[in-house]
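Written out below as structure tokens is the structure these notes cover.
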């Protein structure tokens with residue numbers, strides 16, 4: 001898995017350096033609070049190493065077997081019931097109905113960032129005696145206006161074109177991703193721009209080639225240079241891409257063979273509280289399948305695919321947690337507390353949140369109060385954007401994701417520090433994940449059906465927007 005031409009000794013050296021730095025950081029914490037800078041080094045993804053060693057291959061084979069059984073069941077149903085092979089793929093075609101127009105809008109979004117690059121470069125050459133933030137409020141105002149427009153116009157297209165779920169996710173997630181990339185580029189080059197404006201001499205300004213490489217490399221933290229591999233393995237990149245397609249089919253099978261048959265037969269006008277609550281448990285298994293598929297498909301296959309194509313060598317997208325007492329590397333699914341899980345689940349996003357939200361707010365308000373405020377801000381921002389992505393895709397305000405990330409996540413974040421038994425905490429972690437995925441599948445699924453002909457809308461438009469219809473479903477007027 002992967003094409004980084006490294007021997008085991010080199011990987012161990014990198015890990016030893018990380019452990020040494022971690023030990024030094026812990027020793028320094030008693031003296032003063034220091035914020036870490038993101039350091040890129042040559043390293044494989046955890047699962048790439050585990051697959052090579054054979055440690056996780058049994059799990060991969062198990063999920064492959066489940067996929068094949070789902071697919072076999074679907075093909076039997078397609079051929080003998082619907083008289084049409086691959087009938088079950090209707091959900092994929094429905095989701096990507098407006099794929100080409102969506103990608104056209106995405107192209108416009110991407111091209112707008114090139115305008116930002118040249119505008120920022122030109123602005124940095126305009127002399128200025130004052131280089132503090134207050135003196136540069138006009139530029140900041142223009143930048144914020146750009147971000148508002150960058151989110152507004154793709155969202156306007158999304159609603160006017162009535163994009164289905166998958167294409168809606170492309171628009172909302174890509175606006176977020178590209179905005180994060182642009183913000184990092186501006187922040188990381190701010191000191192350079194201020195020095196240039198004040199008449200100082202800088203080594204160089206990032207070239208357009210460096211900017212374009214950064215736009216597509218799997219990192220949200222801008223650097224002029226990243227560690228690169230010696231060769232580009234397009235065959236391996238192609239295999240990663242095929243795995244992504246297979247995982248899309250896996251999610252499709254999970255919904256068409258499991259979730260939809262269960263949700264479609266429910267009588268929404270007579271749903272009781274107990275029925276709604278029990279549906280949460282029915283949604284756990286398809287929910288955890290979707291969660292693991294998302295993790296493996298996005299954070300491993302998709303990011304490693306782009307890493308191969310772009311020879312990006314730092315492929316640690318979701319690993320390293322380090323136990324402060326034992327000093328060993330671990331994975332997110334063996335996390336000993338909630339803070340560890342949130343850091344290790346998605347390191348690419350975590351790096352950005354740490355650098356531009358947590359670190360900025362903690363530095364602005366020194367001391368423990370500042371750190372607590374910064375942590376709260378990170379949880380809140382993450383919850384809001386998850387709710388934004390799913391709410392827009394499903395066309396309803398049902399704050400399951402917000403509750404899971406901000407409220408339940410915040411509670412677990414605080415309580416997990418009191419749990420000293422590692423096994424007990426890991427059990428609590430998976431309990432939380434299973435309940436959360438069950439809530440997502442059941443509640444969003446029921447509301448999706450409720451708003452598509454099964455329940456009449458509330459008489460008040462605001463109430464209809466903010467309150468789920470399946471809580472108090474009235475028969476639709478014929």
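Yeah, the Cβs are placed from backbone N, Cα and C, and that goes for glycine too.
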Transmembrane segment per TrEMBL: which of the ranges 20-38, 39-57, 58-76, 77-95 is that?
58-76
Using a threshold of three or more Cβ pairs below 8 Å, and leaving out pairs closer than 6 in sequence, do the transmembrane segment (427-444) and the transmembrane segment (275-299) count as in contact?
yes
Please work out the number of neighbouring Cβ atoms within 10 Å of the Cβ of residue 386 (active site), leaving out its own Cβ.
17
For the transmembrane segment (374-391), distant same-chain residues with Cβ under 8 A (at least six beyond the ends):
169, 172-173, 176, 349, 353-354, 357-362, 365, 397-402, 404-406, 409-410, 413, 444
